[in-house]
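Enquirer: Below you'll find the structure I mean.
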Amino acid sequence: MAPGAEAELSALNPLRALWLTLAAAFLLILLLQLLPPGLLPGCAIFQDLIRYGKTKCGGPPRPAACRAFDVPKRYFSHFYIISVLWNGFLLWCLTQSLFLGAPFPSWLHGLLSILGAAQFQGGELALSAFLVLGFLWLHSVRRLFECLYVSVFSSVMIHIVQYCFGLVYYVLVGLTVLSQVPMDGRNGVVIHCNHRIPFGDWFEYVSSPNYLAELMIYISMAVTFGFHNLTWWLVVTYVFFSQALSAFLSHQFYKSKFVSYPKHRKAFLPFLF
């Protein structure tokens, strides 16, 4: 790993500090709940803030001052409405940036910088962030559907602080995902169109790892279907030879263009072809 990457990984930026603080706070709260009942803090406000829904009913008596800040638990659906809208917007921005080269809005770029977004080279994180953000958005859509059409909410309550925390959480988690995309790779600027010899990871073994990855995707689908599904294995066979041809032609191109092209590097299959 490059020194710059190691420094970035060890840095405690604002987002990391926030998540670390939240993790430590909830760990402390959990440990307090594991104490014998006689030693457990009896503060009504403290207990009211950590309990919601049915656990409020089983907790200590709640003073009227606490009940004044109650909101219905069915407001959980608001969390997922916010998440679908906000994280859908972030996903749209990232999609535009990755595939169309459109820059992020300046205010979003500035916000990510303040939060301590990644500053080092690592373009593979952009695709990872795209997938994670997509899964987060789909998860939010599913949970919103469940809240609206599946879940049956009784008259139980949540504290207004818990409600606000839930709203902020889904905003922060989306920003956290997006912050993993290197800042230098967000705006889709094409530096040049010249070919260069790539190095690192799979490129050390084959000239076109994208073709090898395509084959592996189809093999994984075949395994999912079962080893005896002849039809899909025929599809895999086609993919194998078509990708092998493309990889071979690319390999020949690189060898003809670069005199110093690594001689140990194969076209398609590591160490074989």
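Placement of Cβ uses the backbone N, Cα and C atoms for every residue, glycine included.
As annotated in TrEMBL:
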{"type": "DOMAIN", "residues": "156-273", "note": "domain '3-oxo-5-alpha-steroid 4-dehydrogenase C-terminal'"}
{"type": "TRANSMEM", "residues": "17-35", "note": "transmembrane segment"}
{"type": "TRANSMEM", "residues": "79-99", "note": "transmembrane segment"}
{"type": "TRANSMEM", "residues": "111-136", "note": "transmembrane segment"}
{"type": "TRANSMEM", "residues": "148-172", "note": "transmembrane segment"}
{"type": "TRANSMEM", "residues": "215-241", "note": "transmembrane segment"}
Enquirer: I need to check the long-range neighbours of the transmembrane segment (148-172): which residues 6 or more away from its ends have a CB within less than 8 Å of a CB in the stretch?
Expert: 15, 18, 48-49, 52-54, 56-57, 66-67, 69-80, 82-83, 86-87, 140
Enquirer: Looking only at the domain '3-oxo-5-alpha-steroid 4-dehydrogenase C-terminal' (156-273), report the model's average pLDDT.
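Expert: Summarising the domain '3-oxo-5-alpha-steroid 4-dehydrogenase C-terminal' (156-273) by its mean pLDDT gives 80.
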Enquirer: What are the DSSP helix/strand/coil residue counts across the domain '3-oxo-5-alpha-steroid 4-dehydrogenase C-terminal' (156-273)?
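Expert: Once the DSSP states are binned, the domain '3-oxo-5-alpha-steroid 4-dehydrogenase C-terminal' (156-273) shows 71 helix, 5 strand, 42 coil.
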